[in-house]
Amino acid sequence: MSNTDTIVAQATPPGRGGVGILRVSGRAAAEVAQAVLGKLPKPRHADYLPFRDANGTTLDQGIALWFPGPNSFTGEDVLELQGHGGPVILDLLLKRILTLPNVRIARPGEFSERAFLNDKLDLAQAEAIADLIDASSEQAARSALNSLQGVFSTRVNQLVEALTHLRIYVEAAIDFPDEEIDFLSDGKIESQLNGVMADLDAVRAEAHQGSLLREGMKVVIAGRPNAGKSSLLNALAGREAAIVTDIAGTTRDVLREHIHIDGMPLHIIDTAGLRDASDEVERIGIERAWQEIEQADRVLFMVDGTTTQATEPEQIWPEFMARLPKTLPITVVRNKADVTGETLGIEDVNTHSLIRLSARTGDGVDTLRDHLKQSMGFTSNTEGGFLARRRHLQALELAAQHLIQGKEQLVSAYAGELLAEELRLAQQSLSEITGEFTSDDLLGRIFSSFCIGK
């Protein structure tokens with residue numbers, strides 16, 4: 001399939017609706033307009049017209065919008081046909097358009113891809129379109145819109161520009177030693193480099209917040225049977241998401257619930273009680289529980305406060321702790337404070353946090369919510385923030401590593417050539433975010449995840 005073909009796709013979701021939109025982009029868009037509408041609409045004006053088949057029979061009637069390139073979303077000629085949202089009507093109109101020469105169905109994300117290739121959007125802005133559609137909270141939607149409007153790209157471009165100026169100075173001093181620019185010892189380069197590194201750290205912190213808004217946090221509730229895991233899931237979800245009984249082993253499979261804490265998505269997973277089970281179904285559930293635990297961002301180790309006074313997880317259940325990944329964050333939750341009479345609250349016990357609460361009554365659950373938010377470094381003040389993806393975080397981290405290595409070359413070895421190379425690599429990593437330096441394979445993976453009509 002060629003990028004010079006004219007493409008068409010339904011821009012509205014499949015199924016019945018009040019309005020259905022077909023979008024056409026490419027060189028033959030004007031021919032499509034003449035064939036279906038009998039005329040070329042006035043640019044950027046809404047025309048109410050019949051949509052006709054090859055025999056001149058009216059298939060539907062609705063609004064036609066004409067956006068001649070390059071002043072369009074894709075940078076090409078674009079035609080939008082807004083008719084009634086019946087699947088049969090839209091299918092007939094789509095088939096009519098596809099009978100015309102050099103017109104084909106668009107690939108997923110191809111409209112946004114063409115906007116990127118025609119310099120109407122950079123890559124971060126194009127990704128923000130999909131993120132805006134998929135936003136699961138108001139804050140995520142606002143941050144995605146900020147990214148679409150170029151907030152993230154501007155921050156990245158400022159870093160790239162600063163690195164460019166720094167590289168010019170360093171490489172000029174290397175290429176013209178007779179000018180006696182003592183850039184290595186006068187401290188000017190190191191000062192500028194420190195400034196860029198500080199700015200990069202600030203962008204990384206904002207990107208981390210944006211990633212939390214987009215990706216959320218995966219929290220697994222684990223522990224012995226009847227510790228109150230399902231009750232805690234229900235308390236956090238604010239509804240009866242899981243069945244709760246006094247019978248050990250009631251939960252036999254993984255239960256998932258998605259909530260928000262001040263805008264941050266939280267993926268809570270309730271698991272089967274961990275024990276040596278004789279029942280085959282329960283054993284499968286326990287194995288799935290361990291799979292979820294190993295992939296978690298944090299584990300809530302649920303403890304029945306009526307069965308032990310211990311507060312350190314290694315004392316409560318050493319076998320459980322021995323199997324956990326060493327770097328996995330743990331929060332010990334002593335449940336049933338309404339029975340034991342323990343004081344509600346949170347405290348640090350060695351390397352773990354300990355929370356006392358009652359999942360049944362809900363007392364102390366707000367403390368747990370605050371703890372989860374703080375443990376991920378999430379702040380609810382995201383005014384002017386932007387969304388970020390994992391690849392963005394990786395690119396920012398790689399750029400930071402190159403700057404650290406470059407500074408080491410400057411401070412310890414006075415190696416200007418090596419410093420210049422690290423600056424170049426850092427600039428290249430940042431340019432991958434906006435698509436200034438990006439492989440075709442990466443572009444294919446990004447745009448293939450979009451909707452067909454986007």
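Cβ from N, Cα, C; glycine included.
Copied from Swiss-Prot, the annotated features are:
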BINDING   Arg23, Glu80, Lys120, Lys454  (6S)-5-formyl-5,6,7,8-tetrahydrofolate binding site
BINDING   226-231, 245-251, 270-273, 335-338, 358-360  GTP binding site
BINDING   Asn226, Thr245, Ile247, Thr250  K(+) binding site
BINDING   Ser230, Thr251  Mg(2+) binding site
DOMAIN    216-377  domain 'TrmE-type G'
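Sequence features annotated in Swiss-Prot and their locations in the structure.
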| residue | record | DSSP class |
| --- | --- | --- |
| Arg23 | (6S)-5-formyl-5,6,7,8-tetrahydrofolate binding site | strand |
| Glu80 | (6S)-5-formyl-5,6,7,8-tetrahydrofolate binding site | strand |
| Lys120 | (6S)-5-formyl-5,6,7,8-tetrahydrofolate binding site | coil |
| Asn226 | GTP binding site | coil |
| Ala272 | GTP binding site | coil |
| Lys336 | GTP binding site | coil |
| Ser358 | GTP binding site | coil |
Problem set entry | Cα-nearest neighbour of Ser358 (GTP binding site) within the listed binding-site residues, Arg23, Glu80, Lys120, Ser230 | Ser230
Problem set entry | Arg23, Glu80, Lys120, Lys336 screened against Ser230 (Mg(2+) binding site), Cα within 10 Å - retained binding-site residues | none
Problem set entry | Predicted model, mean pLDDT over the domain 'TrmE-type G' (216-377) | 83
For this session: Could you measure between Lys336 (GTP binding site) and Arg23 ((6S)-5-formyl-5,6,7,8-tetrahydrofolate binding site) for me? Cα positions, answer in whole angstrom.
Result: 58
For this session: Fill in the CA-CA distance, Lys229 (GTP binding site) to Arg23 ((6S)-5-formyl-5,6,7,8-tetrahydrofolate binding site), as an integer in Å.
Result: 49
Seminar exercise, completed: Cβ neighbour count within 10 Å, max among the binding-site residues Arg23, Lys120, Lys229, Lys336, goes to Lys229
Problem set entry | Cα distance (Å, whole number) from Arg23 ((6S)-5-formyl-5,6,7,8-tetrahydrofolate binding site) to Asn226 (GTP binding site) | 55
Seminar exercise, completed: Rounded to a whole number of Å, the separation of the Cα atoms of Lys120 ((6S)-5-formyl-5,6,7,8-tetrahydrofolate binding site) and Ala272 (GTP binding site) comes to 50
Problem set entry | Alpha-carbon spacing, Arg23 ((6S)-5-formyl-5,6,7,8-tetrahydrofolate binding site) to Ala272 (GTP binding site), which is rounded to whole Å | 48
